[in-house]
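Per Swiss-Prot, ATP binding site is recorded for GLY10, PRO11, ASP12, GLY13, ALA14, GLY15, LYS16, THR17, and the stated evidence type is sequence analysis.
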Amino acid sequence: MSGRFISFEGPDGAGKTSVLTAIRTGLVNQLGDQVVYTREPGGNPIAEQVRAVLLDKQNGAMDDWTEALLYAASRRQHVVETLKPALEAGKLILCDRYLDSSIAYQGGGRELGIDRIWELNQYAIDGLLPDLTIFLDLPVETGLARIEKGRAETINRLDEQTTNFHRRVRQAYLTLAERFPERIVKVNADQELARVIEDVRSAIHARYADLFTN
């Protein structure tokens, strides 16, 4: 496949949506319709329906493995219907969360095991990993304070988990960053948004010299 695949990861409150919006705008200005933005869970009609079930606060009784399997099922549809066709067409994909989120949230946060969630998702991704993953990292307490202050009206089922849950999520992300240093670039998200965006631009340019050339 001739395209390029960049995923964006991070614990809740890391500012991922704001950063990704700025990066997306800059790359669309440079590359136009060669840029494909997508997200997980979601990215196509079937996967978006699964997303609605997963994030609905009314589904608090959902079993942890049911949750993990639903994320994997949504991801499989995303890979087959959205990601692989875009890569085969030579597009640049910007993906808001991917496999690492399942490993962090279900493997770490839910304590189902990093390796077990990795193995489960091999059926979903069919060998497809990002070329580059931007991991926005910050202290758990800072992230949760941002959520409470900035987007209380859009808090979802996973946002409502305990502080210890979110600590386990962050630790799983840090473990992944150590395990896959050639793919995952950690960016300090505990700084001014403009600085975070600039650091992300620099990380992308370091991997792809033709992007963010000005």
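Numbers run from 1 along the shown chain.
Glycine is treated like the rest: Cβ placed from N, Cα and C.
Feature annotations (Swiss-Prot) mapped to structure.
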residue : record           : contacts (Cβ under 8 Å, 6+ apart)
GLY10   : ATP binding site : LYS16, PHE135, LEU136, ASP137, LEU138, TYR173, ALA189
PRO11   : ATP binding site : ALA104, ASP137, LEU138, VAL140, GLY143, HIS166, VAL169, ARG170, TYR173
GLY13   : ATP binding site : LEU138, THR142, GLY143, LEU144, ALA145, ARG146, ILE147
ALA14   : ATP binding site : LEU136, ASP137, LEU138, GLY143, ALA189
GLY15   : ATP binding site : LEU136, ARG146, ALA189, LEU193, VAL196
THR17   : ATP binding site : ASP96
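The number of other CB atoms found within 10 A of the CB of ASP12 (ATP binding site), across every protein chain shown, is 22. Cβ atoms within 8 Å of the centroid of the Cβ atoms of GLY10, PRO11, ASP12, GLY13, ALA14, GLY15, LYS16, THR17 (the ATP site) belong to the same-chain residues LEU136, LEU138, GLY143, ARG146, ALA189, site residues excluded. Cβ-based neighbour count (10 Å, all protein chains) for LYS16 (ATP binding site) stands at 21.
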